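Per TrEMBL, these features apply:
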COMPBIAS  238-259  compositional bias 'Basic and acidic residues'
COMPBIAS  261-277  compositional bias 'Basic residues'
REGION    237-277  region 'Disordered'
TRANSMEM  31-51  transmembrane segment
TRANSMEM  72-90  transmembrane segment
TRANSMEM  128-147  transmembrane segment
TRANSMEM  154-173  transmembrane segment
TRANSMEM  193-210  transmembrane segment
Amino acid sequence: MSPPDGSHICSMPLQHSSLENTQISRYYGMFAYWLTLTTISMISVITVKGSSSNPCAQMLQYAKGTITLKEMLLRIASQIVGGLLSYQYARQFWSLGLHPGHVMRYHRTTRCVSDLTVPLPFGFTIEFLLTMFDVVCGLLVITPYYLCESAVKLGISCYFVTLGLHLTGMYGNPLNATNQTFGCDGITAVEHFIVYWMGPLSATLIGYKLHHAMRESRLRSERALHKERNLVLANDDSEVKDKAKASKNGSEEKVELTKGHAGKVRVRRNASRAKRA
């Protein structure tokens, strides 16, 4: 069994920060929301590298074969516990009354409303595509500069989140969606599971398979190209050797001709001397 990745520990603070994102978008606008979301995501990449509050990360590890199905389920269960605790932690924070929005949320008695504002198939597709983009984009290695590349990828992903925020909430994280909207009006438990759990988890698995197929195809192309280059180089070497051999044979023939000609000259000279004598 692989060692624990700390998901149960990091899930509570990360999910608590997600609960605050609503306050940012409501009072400071979407640009502030995008900037906050990107910054928090980047901080989590640096501080809790190797851990995640997203069950999709566990599904990805399972797809790679680094953890078993049992380990994946145990880690997701620990993430769910951390997510549930994060709400209680957030309520304690709201009770401090640091912001009018906190006071309102702490004393709210009305039921929440689901973020899903589109039909179920569209909601499933949106969450599916968002997660697949995140998975494939995250697996691609474009530059050797990990932090810079991560910042660019996170900025793009968070931008897509802001674009579709009014459609499904653009969670791409089953735990975050459940922590914030499960039991809200406008969606049943089954519909919530289909959109916010089946969509992202299936997208993670398919996204990894797609990236793996693309990688294998690229490697096969590179191997074929390398083999073709080696064959061309071998043919070139063979031609060079043949030319060198032909040149060597031609030089030897010239030497023999030169020697024969020199012998004839010497014979003529000797005959001429004999006549004079």
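Easy rule for this one: first residue shown is 1, then count along the chain.
Each Cβ is built from the backbone N, Cα and C atoms, and glycine gets one as well.
Among the recorded stretches 128-147, 154-173, 193-210, the one sharing the largest number of Cβ pairs closer than 8 Å with the transmembrane segment (31-51) is 154-173. With a threshold of 8 Å between CB atoms, the same-chain residues lying at least 6 positions outside the transmembrane segment (128-147) that come near it are 45-46, 56, 60, 153, 156-157, 160-161, 164, 170, 172, 199-200, 202-204, 206-208, 210-211.
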